[in-house]
Amino acid sequence: MGIEGVLEKGFITTSADKVLNWTRTGSLWPMTFGLACCAVEMMHAGASRYDLDRFGIVFRPSPRQSDLMIVAGTLCNKMAPALRKVYDQMAEPRWVLSMGSCANGGGYYHYSYSVVRGCDRIVPVDVYVPGCPPTAEALLYGIIQLQNKIKRTCTIAR
């Protein structure tokens, strides 16, 4: 948490920014936006072997209850407005994790007329997880990188 000082009487001094960011990293609630085979790996990461619950990550069915969107799979042009609409319904602060080659840049279908060449053209992306499909370990590493990014953000001074 970055505690600056611990006094002898049991007091801890720190900044409000660090406390807020610490609480946000321990309670990420992702909204699944599974579009293709990467969604299977995302479900695998939520199962008992990797157990995202131990990191405080609980998958939510509604965008109004979530603060992290995991875009997993090929995003087509018809699905792009729905992705933006779901993103706009999420509460602030919100983060986006792009999972897989198709979500990152179109992947195997990059030159298709109906595929968006990266979900970052529709919503701002915070973390990219490469792979086709990326493993559950790669998704877990991407979530840990997002938690590190959240810890470094300046919350109150915005």
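Cβ atoms are placed via backbone N, Cα and C, with glycine included.
If you look up Swiss-Prot, you'll see Cys37, Cys38, Cys102, Cys132 marked as [4Fe-4S] cluster binding site, on the strength of sequence analysis. Following the DSSP three-state reduction, the secondary structure of Cys102 ([4Fe-4S] cluster binding site) is helix. The Cβ of Cys102 ([4Fe-4S] cluster binding site) has Leu35, Ala36, Cys38, Gly73, Thr74, Leu75, Tyr108, Tyr109, Val115, Cys132 as same-chain neighbours under 8 Å, each 6 or more residues away in sequence.
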Additional residues around [4Fe-4S] cluster, ordered along the sequence, whose Cβ is within 8 Å of the centroid of Cys37, Cys38, Cys102, Cys132: Ala36, Ala72, Gly73, Thr74, Met99, Gly100, Ser101, Ala103, Gly107, Gly131, Pro133, Pro134
Around the Cβ of Cys37 ([4Fe-4S] cluster binding site), the count of other Cβ atoms that are within 10 Å: 14
